[in-house]
Amino acid sequence: MSEPIRVLVTGAAGQIAYSLLFSIAKGDVFGKDQPVILLLLDITPMLPVLDGVVMELQDCALPLLRDIVPTDKEEVAFKDLDAAILVGSMPRKEGMERKDLLKANVAIFKSQGAALEKYAKKTVKVLVVGNPANTNCLIAAKSAPSIPKENFSCLTRLDHNRARSQVAMRCGVPATHVKNVIIWGNHSSTQYPDVHHCLVNMSGSELACFEAVKDDAWLKGDFIATVQQRGAAVIKARKLSSAMSAAKAICDHMRDIWSGTPEGEFISMGVYSSANSYGVPEDLIYSFPVQIKDKNWKIVEGLAINDFSQMKMDATAAELMEERDTAVAFLGV
């Protein structure tokens, strides 16, 4: 058995964490022979709830779970981390302006970035889930200047999984038969689910997505809208946000960082946008197609982009630049 790794989950008494912690502790994320120490951070009023979560984790009697540390203190939670999954954020309340939401979250992620800088290992891999995830991730990265920007990513794997599943259902195949969908841009309703490079395995042979689906109007219309609006549709139906599917996507994202992506496949994640061949502006956390090896991601370059795609990619970049500029203005406050 290797040495235990230290994994932080913030917002640990919340819904997503409740679906996530079992999978991490069971070995689905970091490997079946990788012991873990879970550091669970939440705000002080949530500590009694967190105690209940800790009891349940203990009661699972999981062989890889070496220790659980529930806390409301950043200096405890962020110490010597190998991985940080930042789920907790200020949710949007009714009647709240987006800029008010950004301001509240800048304060949270500035503080957590500073805690990463001060207490975590410089090799820590940081995944930001709390929304607005791309911009929160950028603020955390800017607040931890000595940790490489490449170590920060935000979650667009949920959108990636949604897109993959929509195509699979349309073609009547399992989701595993669909690969190389791409989510470009922001984890918001401007994101662009792109299937121009997607392949679908239909009875043993791989077809281009447009050929497999045979419905261009759907792929350029309802498919995109469904993926963009899926989070809102779940909230409307469930009266709560997507927790199970978000937790699954977090597991997929972190497992791929730890173990790498399969040969010939790429996945989507929000990463730092410096030096890319797609004309995405610098200094954004933007979702790209990536491949991962030895815990390092690389943007998949050189994919052909048509005018339809370029327009969608530019629109989501414009939203991200506006978010970034608003958030960075708050940073100085």
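Just so it is clear, glycine is given a Cβ too, placed from its N, Cα and C backbone atoms.
As given in TrEMBL:
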type: DOMAIN; residues: 6-152; note: domain 'Lactate/malate dehydrogenase N-terminal'
type: BINDING; residues: D42, N105, V129, G130, N131; note: NAD(+) binding site
type: BINDING; residues: R92, R98, N131, R162; note: substrate binding site
type: DOMAIN; residues: 156-330; note: domain 'Lactate/malate dehydrogenase C-terminal'
type: ACT_SITE; residues: H187; note: active site, proton acceptor
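Recorded features from TrEMBL, shown on the structure.
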residue: D42; record: NAD(+) binding site; Cβ neighbours (10 Å): 23
residue: R92; record: substrate binding site; Cβ neighbours (10 Å): 15
residue: R98; record: substrate binding site; Cβ neighbours (10 Å): 13
residue: N105; record: NAD(+) binding site; Cβ neighbours (10 Å): 23
residue: V129; record: NAD(+) binding site; Cβ neighbours (10 Å): 28
residue: G130; record: NAD(+) binding site; Cβ neighbours (10 Å): 25
residue: N131; record: NAD(+) binding site; Cβ neighbours (10 Å): 20
residue: R162; record: substrate binding site; Cβ neighbours (10 Å): 22
residue: H187; record: active site, proton acceptor; Cβ neighbours (10 Å): 29
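When the Cα atoms are compared, N131 (NAD(+) binding site) and R98 (substrate binding site) turn out to be 11 Å apart.
When pLDDT is averaged over the domain 'Lactate/malate dehydrogenase C-terminal' (156-330), the result is 97.
The distance from the Cα of the residue listed as 'active site, proton acceptor' to the Cα of D42 (NAD(+) binding site) comes to 23 Å. The two recorded residues, R162 (substrate binding site) and V129 (NAD(+) binding site), have Cα atoms 16 Å apart.
Helix, strand and coil counts under DSSP for the domain 'Lactate/malate dehydrogenase N-terminal' (6-152) come to 67 helix, 27 strand, 53 coil. The CA atom of R98 (substrate binding site) is located 11 Å away from the CA atom of N105 (NAD(+) binding site).
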